[in-house]
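Trainee: Annotations for this protein, taken from TrEMBL, read as follows:
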- 611-684: domain 'DEP' (DOMAIN)
- 31-49: transmembrane segment (TRANSMEM)
- 87-113: transmembrane segment (TRANSMEM)
- 155-177: transmembrane segment (TRANSMEM)
- 198-222: transmembrane segment (TRANSMEM)
- 228-251: transmembrane segment (TRANSMEM)
- 263-282: transmembrane segment (TRANSMEM)
- 306-325: transmembrane segment (TRANSMEM)
- 337-360: transmembrane segment (TRANSMEM)
- 372-392: transmembrane segment (TRANSMEM)
- 404-425: transmembrane segment (TRANSMEM)
- 504-525: transmembrane segment (TRANSMEM)
- 537-558: transmembrane segment (TRANSMEM)
Amino acid sequence: VTPYFIAVPPATTLAVGDNSPPPSTMSIDKLLPALLECFGIILCGYIAGRTNIITPTQAKGLGNFVSKFALPALLFKNMVLLDFGDVIWPFLWSILVAKVCVFFIVCVLTLIVASPDSRFSKAGLFSIFATQSNDFALGYPIVEALYQSTYPEYLQYIYLVAPVSLMLLNPIGFAFCEFQKWKNQGSHQQSKLRIVGFVLLQVLKNPIVFMVVFGISAHFVLHGTIPAFMAEFVDGLANSFGGAALFYLGLSMVGQLRKLTRSTVVTLILLITAKLLLMPLLCKDMVDLLDNNNTSSMNHSSLSDYAFLYGVFPTAPSVAIYAIYYNTELEVVTSGMVISTFLSAPIMYVSAWLLTIHWMDPQLLMRSLQTVSFDISIVSLVALLWTIPVMFLSKKFKRLPHMLTVNLFLAQLSSCIGMILWNFVVKEDNFISQIFTFALLSTSLYSAFIWPGLIALSIVLMKKYDDLNGSPGQCESGCESTDCLLAQMEELQPPPDRQVARHVLLCLLLTVFLLANFSSCLWLICNHTPGRLHLELQFFSAIAIYGQGFISFALFGLDKHFILLPLKRLYHRCFGKKKEEQPQTDLPDDIKMTCTQFTKYHKQQCFHDIVKKRRCGMKTMADCFLGCELVDWLQQVGLAQDRGEALLYGTRLQQGGVLLHIKQEYSFEDIPDEIRRLNYVISDLPQSLAAKPPISG
């Protein structure tokens, strides 16, 4: 008896006389280094943007270089050198048909369920999101690592497939967005013919489309070779694309997940499912159906696998530019781009590894599944042994919905213990131990799938109860001030201790895991020889079932008020006083210049515009302002071009003593959802920038 609740398919039968497995069509050994290289560079870009080493304004310059110089040069070079004789055209038609199917499905469903005031713009943008892949920056290095030594001609398909979306599907999506703008105007100043002309102009202005057309024309004029006098120049620009594009991708991810709200989670999950699950399956199926004339069965199989991997490529960052231009669903698109990029890495690696398996002994497959489940159970067990005490020590287990969440964590802990025990008792000839362990594992796993439903029900009931009794509109401290900052924040936010958004996200993720497990069982019932894709689903189900504890730790293990804030206070107590005791006469020149400029030319106006007297209870905060208010003000008066530069400007003011946190515990931050971090006062800065304590005023 196996405790996985996922079925193991029988081994693929080999032909008579075949004593060795067929050769692999991809080099899997080079995939992991390629993934580490790509996502390592992306992480460097994210860190550079997150720490404001490179501001958003500066990142735009890098983005312009990548899109307007490096990428066109790369496309021109490969279009000129392209060998059309090696192209298998049914493969391109298969990818086109798959993209059209996904585009049509997403578009129709969005038109059905979306509200009339934004129906067409959402349909166009979501359809582009589900079909436009990050082919060049992230896709090409992966394909190069897998097929450079086996099928090097596969690399050129990237340059032929990418324009399919840009020239055929994207214009349809743009037309929907433009039609929504025309419909919302009311006066209908623009004619439909002008809308069509504008869409065609946008397509022709795209550097990718223009350079593909120009490169194909140059291919026939130059007879497939680049002249020697311009070869080095083109190579220099083309070779600079890879690292720069990945670094810019990391920069573009900074701050995007902050825009994610509870109302967009369901839409985001559906779009990512369409992009990372529906697209690869359709690509593979279309190649199997349309590429029937391929004489080589191995080449046909490799093209089918290649189509599946191509479908897993994440959404391109340019879709976020479209969302900004049309001012539509920016939070969904940007968050989806980030999440799909990082989800694609494990999916591509596991898919490529499983696609190289042409035959496998059932016992070996069973041991592999059990090893994966055992390893992930240990990681999940450690995470839960941290998370459960946090819930008890913070006393959140006494109130809803955390009372039910603790029971979910205990069920997950029991399932991990049961899986670890099963790894040992299955090797022993002890029937009683096996029955006991299997009963523990079965009960805990089914309980772990029941508790999320009870949590979701409790959230709905609490929401209805709050609506009936009316909304925490007065300050809990008991003050009667009309300008109470705490009361204003409490009116805008739900009760902080309930953590509704985290519970909703937990329930959605566990629901996806349950559906994956159910799909695996249903797939085997309908098809007794499901193949390698079902094998991939089995491994995903095993990781999802026994890795629930890691999700719980990520959402609830690092409690802000019980873990993070006390650690930060301890850090400031240990190291903050030492910094305050140091004289400020040795401040860098840029900090001195910023402080002098602000106090001489802008301090009075800033004080007049944003500083207010705020009161809470018996304590009065004179001349306070929020960090986000100063960030907005610095952009309005032109002292900063974006929020990143404004954050650096405010940090320099605090380092120079111009700004002072009310509790002297936190650095300058631009986070509008935490009162204790954002109250600052403007001090009377001494002319000499000496170590004199700032005076509120």
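Cβ atoms here come from the backbone N, Cα and C positions, even for glycine.
Just tell me what is around each of these and how deep it sits.
Mentor: Packing against the transmembrane segment (31-49) from elsewhere in the chain are residues 56, 59, 138, 141-142, 144-146, 243, 246-254, 341-342, 345, 348-349, 352-353, 644: each is 6 or more residues past its ends and has a CB under 8 Å from a CB in it.
Nonlocal intrachain contacts for the transmembrane segment (87-113), taken as residues 6+ away from its ends with a CB within less than 8 angstroms of a stretch CB, comprise 119-120, 122-124, 126-127, 129-131, 153, 156-157, 160-161, 164-165, 168-169, 172-173, 176, 271, 274, 278-279, 282-283, 285-287, 289-294, 303, 306-307, 310-311.
Beyond its flanks by at least six residues, the transmembrane segment (228-251) meets 38, 41-49, 54, 59, 62-63, 65-66, 69-71, 73-74, 76-77, 134, 136-138, 140-141, 317, 341 of its own chain at Cβ-Cβ distances under 8 Å.
Counting same-chain residues at least six beyond the ends of the transmembrane segment (372-392), those with a Cβ under 8 angstroms from any Cβ of the stretch are 4, 402, 405-406, 409-410, 412-413, 415-417, 419-420, 423, 539, 542-543, 545-550, 552-553, 556-557, 559, 562-563.
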Trainee: Cβ pairs under 8 Å with the transmembrane segment (263-282): which stretch of 155-177, 198-222, 404-425, 504-525, 537-558 has the most?
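Mentor: Going through each listed stretch, the top one turns out to be 504-525.
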Trainee: Sort out the residues at least 6 away from either end of the transmembrane segment (404-425), same chain, that have Cβ-Cβ distances under 8 Å to it, and list them.
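Mentor: Residues packing against the transmembrane segment (404-425) from afar: 3, 370, 373-374, 377-378, 380-381, 384-385, 387-388, 391-392, 397, 433-434, 437-438, 440-441, 443-445, 447-448, 451-452, 454-455, 458, 503, 506, 545-546, 548-549, 552, 556.
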Trainee: Please give the sequence-distant neighbours of the transmembrane segment (537-558): residues at least 6 beyond its ends with Cβ less than 8 Å from one of its Cβ atoms.
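Mentor: Same-chain residues near the transmembrane segment (537-558) but 6 or more away: 4-9, 350, 354, 369, 372-373, 376-377, 379-381, 383-384, 386-387, 390-391, 405, 408-409, 412-413, 415-416, 419, 445, 448, 499, 502, 505-506, 509-510, 512-513, 516-517, 519-520, 523, 564.
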